[in-house]
Amino acid sequence: MLLVIDIGNTRIKAAVFEQYTLLDFVVSERIEVQNDIDFFLKNFKIDSVILSSVSNFEYKKLFFPESIKVVIVDNSSKMPFSNFYKTPKTLGIDRMVLAAGAVLQFPKKNRLVIDAGTCITYDFIDENDNYFGGAISPGLKLRYEALNNYTANLPLLRLESPEKVIGNSTNSAIHSGVVNGVIYEIDGFITNFINQNKNFTIILTGGDTDFLAKRLKSTIFANSNFLLESLAHLYQYTK
Ligand SMILES: Nc1ncnc2c1ncn2[C@@H]1O[C@H](COP(=O)(O)OP(=O)(O)O)[C@@H](O)[C@H]1O
Ligand SMILES: CC(C)(COP(=O)(O)O)[C@@H](O)C(=O)NCCC(=O)O
Ligand SMILES: [K+]
């Protein structure tokens with residue numbers, strides 16, 4: 001069995017896979033992650049690990065028995081697409097993994113992958129498996145935090161659904177600005193993508209998937225485990 005670890009800027013996600021089937025899954029705090037890994041090692045017959053990280057978390061300090069094969073995805077890993085990003089060395093590993101997952105799981109399609117995590121990333125891979133890049137913007141939680149951090153008078157609010165677009169109080173104006181702002185942004189990127197492509201697939205993933213999916217205008221494939229699944233697919237591809 002394969003242990004898959006995705007280290008994002010906010011949370012660490014780990015999952016056990018039998019081939020492409022997810023058997024168990026955990027979201028960890030940084031200090032608990034070794035405990036969660038040990039639990040998986042004890043309770044499943046793990047023979048390999050695949051890990052990708054975009055954070056400063058020192059994953060090299062994680063302990064795995066020597067009998068286990070550990071694959072760390074990095075910018076030189078073999079990928080199932082041609083990379084046309086102008087700065088491939090600074091491309092986020094998570095974005096590469098998402099692009100790989102999209103190519104391996106949705107062959108011969110124009111694909112847009114949207115990952116609503118700490119940041120919202122947009123990645124485009126065409127039907128000939130060419131990766132071109134996309135966009136990076138602040139995620140929902142980051143927007144609430146930025147409004148509070150860089151002003152004197154705006155409170156720090158928790159994610160909440162705005163009742164209307166015209167906020168009639170400080171709190172409702174912030175909720176509208178953050179949540180409706182993200183929704184208009186994502187719908188805008190999707191509309192632009194649909195206008196320029198036929199034969200396409202749109203995938204939404206990341207920690208805010210469920211909150212956002214039901215609020216978007218467009219029909220999309222929403223799967224908060226898409227990055228973990230993509231790591232499992234990439235592992236089989238690189239093997
Ligand atoms: N328990 C939680 N802790 C932190 N963020 C959460 C939690 N549940 C949902 N979220 C949402 O998930 C987003 C972060 O997504 P995630 O995919 O975990 O990020 P990353 O991959 O960058 O670590 C935040 O914008 C936040 O709104
Ligand atoms: C944009 C990101 C910070 C997103 O990270 P996440 O929200 O998934 O934690 C990450 O993909 C990254 O560090 N990218 C490097 C810059 C680039 O992709 O061009
Ligand atoms: K992201």
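The backbone N, Cα and C atoms fix where each Cβ goes, glycine too.
Feature annotations, reproduced from TrEMBL:
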ACT_SITE  D94  active site, proton acceptor
BINDING   D6, I7, G8, N9, T10, R11, I12, K13, T118  ATP binding site
BINDING   Y85, G92, I93, D94, R95, T170  substrate binding site
BINDING   D115  K(+) binding site
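This view paints the features noted in TrEMBL onto the structure.
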{"residue": "G8", "record": "ATP binding site", "Cβ neighbours (10 Å)": "22"}
{"residue": "T10", "record": "ATP binding site", "Cβ neighbours (10 Å)": "14"}
{"residue": "I12", "record": "ATP binding site", "Cβ neighbours (10 Å)": "23"}
{"residue": "Y85", "record": "substrate binding site", "Cβ neighbours (10 Å)": "17"}
{"residue": "G92", "record": "substrate binding site", "Cβ neighbours (10 Å)": "19"}
{"residue": "I93", "record": "substrate binding site", "Cβ neighbours (10 Å)": "18"}
{"residue": "D94", "record": "active site, proton acceptor", "Cβ neighbours (10 Å)": "27"}
{"residue": "R95", "record": "substrate binding site", "Cβ neighbours (10 Å)": "22"}
{"residue": "T118", "record": "ATP binding site", "Cβ neighbours (10 Å)": "20"}
{"residue": "T170", "record": "substrate binding site", "Cβ neighbours (10 Å)": "12"}
So which binding-site residues out of G8, I93, T118 are up against ligand 1, CB under 6 A?
G8, T118
Please name which of the recorded positions listed here, Y85, G92, D94, R95, D115, is nearest in space to G8 (ATP binding site), Cα against Cα.
D94
Going by C-alpha distance, which of the recorded positions Y85, G92, D94, T170 is nearest to D6 (ATP binding site)?
D94
Do you know which of the recorded positions I12, Y85, D94, T170 end up with C-beta under 6 Å from ligand 2?
D94
Distance-selected binding-site residues near ligand 3 (C-beta under 6 Å), from T10, I12, Y85, G92, I93, D115:
D115
For a quick check of understanding: given the listed ATP-binding residues D6, I7, G8, N9, T10, R11, I12, K13, T118, what is the maximum Cα-Cα distance in angstrom, as an integer?
13
For the binding-site residues D6, D115, which Cβ has the most other Cβ atoms within 10 Å, all shown protein chains included?
D115
Structural state of D6 (ATP binding site), classified by DSSP into three states:
strand
Of the recorded positions listed as T10, I12, D94, D115, T118, the one whose CA lies nearest the CA of T170 (substrate binding site):
T118
What subset of the binding-site residues T10, I12, D115, T118 lies within 10 angstroms of R95 (substrate binding site), using C-alpha positions?
D115
On the three-state reduction of DSSP, what should I expect for T118 (ATP binding site)?
coil
How big is the gap, in Å, between the Cα of D115 (K(+) binding site) and that of D94 (active site, proton acceptor), rounded to a whole number?
9
Residues near the ATP site, D6, I7, G8, N9, T10, R11, I12, K13, T118 excluded, by Cβ within 8 Å of the Cβ center?
V54, S55, G117, G207
Taking the Cα atoms as reference points, how far is the residue listed as 'active site, proton acceptor' from T10 (ATP binding site) in Å?
13
